[in-house]
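J.: Summarising the annotation, TrEMBL assigns transmembrane segment to 12-31, 51-71, 83-105, 111-131, 138-157, 163-183, 239-256, 276-294, 306-330, 336-355. For 21-189, 228-353, the entry in TrEMBL reads domain 'Sugar phosphate transporter'.
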């Protein structure tokens, strides 16, 4: 295959990736806007937010089952310990977040509820500081100011303001931020264990009897396109289905006690009393459950395909579209100052995402220069159009087995390892590891080197407990 054909193939893959992202975002925006508007209409006629939350969770659980069979996704066996550490806390958090979200949607207008949810970066920074001891740069802290000011202005000028609705929206947002920090804390803990084993037990190796199982696990979980969530080692549809099933099981008794008993007494009360149960509400709840399933599916897919910055920008755009759609369709009364507060909060979210990405980039570049004197790198898409069959994962690789025949390397030679890292052998044969992917623009300038000098590629990389220096 010539260099021209390789370059053409790369452009085709990149255009295909962009088309996929645009299509997914369009579906995401339409499903999210429709689901929120339908839920608001339901809650205006049917004031039972826990029932709407239950229909959302149940719909996601049921609609995901035929999709699992259609995609031929195998059942992932998880231990009880893993369920208790990962999925049960996630399910509990999902229950609190979803229920609080629907309570806020019931109490306040849709546009205001989503404006309050723009405080997610504020709670993310707070949880990261308390749970992970992460300090942010001054620019990141300053980017939170427009968010706070915008939400305060929107709250003070909201014509249909309700304190319980505000608290519920804040509770939902805080829960999602807390879940993100919780997952990060677990992952950091496991990574620290791996680093400690590599540092203090360099000769540690698995028993021979486990090597076939580990090899099978790597091939099954790390290198297949259908298994995309590295930390859970299961497909994102399976993770979504299992977490919502657990959430439904836990949430059922609370929902039954709070809403079902009320609905039961209302249905069989005196004939003069108005019953909330009718076919219209039932069909609207069914449609709401399906729309929420589509929204969650696309959300999980975009989280896998996009970097953190790209996903945050897409999510901020989605929230802005929901606000605009609710103002146009539901026509809840707003003032110019109220709209200004909403726009200021949305702008603050975008500024926070850019400030956060800039801070992370500076830290990565400083660490890279201190250790290796390396060039800066730009983390972008996790779905690499140049290497679409390789998914990023944490790990340390040994180059010796893959480069046995090479003693000296050129400065211009760059190789891609199976874990998504770029490794540059320098002129002295030392190994330099870049722990982030480079951007498509940078790859474009390296195409000639990557495809014309095949000797630079190591045919195989093996995992090792020794750190690349």
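For all residues, glycine too, the Cβ spot is worked out from N, Cα and C.
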J.: Are there at least 3 C-beta pairs under 8 angstroms linking the transmembrane segment (239-256) and the transmembrane segment (51-71), leaving out pairs fewer than 6 apart in sequence?
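T.: Since 3 or more Cβ pairs under 8 Å link them, the transmembrane segment (51-71) and the transmembrane segment (239-256) do come into contact.
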J.: Averaged over the domain 'Sugar phosphate transporter' (21-189), what pLDDT does the prediction give?
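T.: For the domain 'Sugar phosphate transporter' (21-189), the model's average pLDDT rounds to 86.
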J.: List the helix, strand and coil residue totals of the domain 'Sugar phosphate transporter' (228-353) as derived from DSSP.
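T.: Here the numbers are 99 helix, 2 strand, 25 coil.
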